[in-house]
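Copied from Swiss-Prot, the annotated features are:
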COMPBIAS  611-620  compositional bias 'Basic residues'
DISULFID  Cys161-Cys195  disulfide bond
DISULFID  Cys361-Cys365  disulfide bond
MOD_RES   Lys138  N6-acetyllysine
MOD_RES   Ser570  phosphoserine
MOD_RES   Ser586  phosphoserine
MOD_RES   Ser589  phosphoserine
MOD_RES   Ser591  phosphoserine
MOD_RES   Ser601  phosphoserine
MOD_RES   Ser604  phosphoserine
MOD_RES   Ser611  phosphoserine
REPEAT    294-307  repeat '1-2'
REPEAT    313-326  repeat '1-3'
REPEAT    394-407  repeat '2-4'
SIGNAL    1-29  signal peptide
TRANSMEM  481-501  transmembrane segment
Amino acid sequence: MSSPWSTVISMHFQSFWLCLGLLFISVNAEFMDDDVEMEDFDENSEEIDVNEGELPSEINYKTPQPMGEVYFTETFDSGRLAGWVLSKAKKDDTDAEISIYDGRWEIEELKENRVPGDRGLVLKSRAKHHAIAAVLAKPFIFADKPLIVQYEVNFQDGIDCGGAYIKLLADTDGLNLENFYDKTSYTIMFGPDKCGEDYKLHFIFRHKHPKTGVFEEKHAKPPDVDLKKFFTDRKTHLYTLVMNPDDTFEVLIDQVVVNQGSLLEDVVPPINPPKEIEDPSDKKPDEWDERAKIPDPSAVKPEDWDESEPAQIEDLSVVKPDGWLDDEPKFIPDPNAEKPDDWNEDMDGEWEAPRISNPACRIGCGEWSPPMIDNPKYKGVWRPPMIDNPNYQGIWSPRKIPNPDYFEDDHPFLLTSFRALGLELWSMTSNIYFDNFIICSEKETADRWAADGWGVKILVANANEPGIFKQLMAAAEERPWLWLIYFVTAGLPIALIASFCWPRKVKKKYEDSEYKKTDICKPQTKGALEQEVKEKKAALEKPVDLEEEKKQSDGETVEKEEEAEPEEKSEEEIEIIEGQEEGNKSNKSGSEDEMKEADESTGSGDGPVKSVRKRRVRKE
């Protein structure tokens, strides 16, 4: 049978491991994106293994080479901007000082976690307009092949306000990259953008109205994940856009789907306009009654309705208190105040002492007036009750007419073709890093390109990742409430161990009645022994209530078992008493008073005394 202590300890350990497990799960949940679903890659696609600890001793970086058909690639590893054109345009409706696209671009390695031989395009200027573009190897025509656009971004200094998105410039006759500016016609705009605490991942495409020929921007729904860490962790992230001929799209960050949907259903405003619209020439008739309730015209004000009674009146039952001083002011100048020595009446005006409460106004000062109370006769202005309007016609709205510009586009994937890629950006933060652009139609080609470029960067970054302690500290700096989790996680096992090693002492009830084997044998006289034997016999003859004994503490139960030892001990004590009587025959002449004194004493007596074990029986 297990002891109570072992049961308690077992329960403590179960509670400890349960709490520790819950805390561990809550902490780890902060480092995971709960809403992100990992993409199921094709079996033939190459997976990017970025597990820590698998980094080879030396990184032999090689410039990625495209496999398969591509429309555009750029790695910047050559160190030259061959094929790229800097804009010389000016923004419209802007001051001349800031209208010029004079932002500086450089080709550099990463500031942190650099890979030898790998370079990227870096935006170097703050608070300036930047514009640079390059022509594709061949225009992309939306037909029966998917569109895949992929590139890398690293906000090396974080980001306050600025973007890192790209524009796919429409294939128009007047396209001139030297005149590339914010109003240049584009087909798709894609990439991260941030200002203040608004973190965005744009996917915007321009859809042409088939009847009017007017282009309208369509914005994809925002991602369901928190984008903040992609702007703040200063790591290189891979952004991918996939548009399929079946009018679906996917947006990925670091090969993980963060947004997906239909071009027909998941964009704002919708692709297809409504079939009917409100008639702009329709007007509400003058007699149209929109009142749901009206005053009852048949209601009459009661004759006894008095509108002249005020809402409150003076309480006439209150009288002015004795000692009220009508002529005394409530505040008086402070008699102890003195004009400052540096007070200049020409500059500061006439000096006046500060005012204090009048000490004479203990009961009250000034003009006395009785307090105001609610007037029981007050009824206010009479108004007729409201009833349903029999002429109510409802809220008027213009009639619907067929939409003259209605159309139905069942295949919005067929957008305007594009033939150039451009970056047209304004940023308040410099050192934004771009690398490894690719435009293709096969996901396997884009995945292999990512493995050869971005995958190597991730291997290096993971190898340089700080230890778990530094990661926990960094996480706590970003989320201060994690300090409480750390404290509880570290303090809980210490508290449990302390409670096991130094348990709280429980005071025993009836400690005086507990049998102790270490009790010292005390000599007793005949009278004391006789009295004790009588008490023991009376206790043994008394019935024991088992139900009450079960309610006592464990220590008390053990005590009762010892007290319930049968008559064997009582007979031994009787024999001791008889021996005591034989030894005391020579002292029969002792007086009764002396015997009482001997009975009350614990160690004195005329006759020889034999030591016996003293037992006490608790009296109920």
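Even glycines carry a Cβ here, placed using N, Cα and C.
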Relative to the Cβ of Cys161 (disulfide bond), which residues of the same chain, six or more apart in sequence, are found under 8 Å away?
Lys194, Cys195, Gly196, Ser427, Met428, Thr429
Residue counts for the repeat '1-2' (294-307) under DSSP, helix then strand then coil, are 0 helix, 2 strand, 12 coil
If you count the other CB atoms within 10 A of the CB of Cys361 (disulfide bond), including all protein chains displayed, you should get 17
Between the C-alpha atoms of Cys365 (disulfide bond) and Lys138 (N6-acetyllysine), the distance in angstrom, to the nearest integer, is 96
Cβ neighbours within 10 Å, counted over all protein chains: which one of the disulfide-bonded residues Cys195, Cys365 has the most?
Cys365
Distance from Lys138 (N6-acetyllysine) back to Cys361 (disulfide bond), taken between C-alpha atoms, in Å
97
Using DSSP, what is the helix/strand/coil residue split across the repeat '1-3' (313-326)?
0 helix, 3 strand, 11 coil
Please list the DSSP helix, strand and coil residue counts for the repeat '2-4' (394-407).
0 helix, 3 strand, 11 coil
For the repeat '1-2' (294-307), what's the model's average pLDDT?
92
Around the Cβ of the residue listed as 'N6-acetyllysine', other Cβ atoms within 10 Å, all chains included, total 11
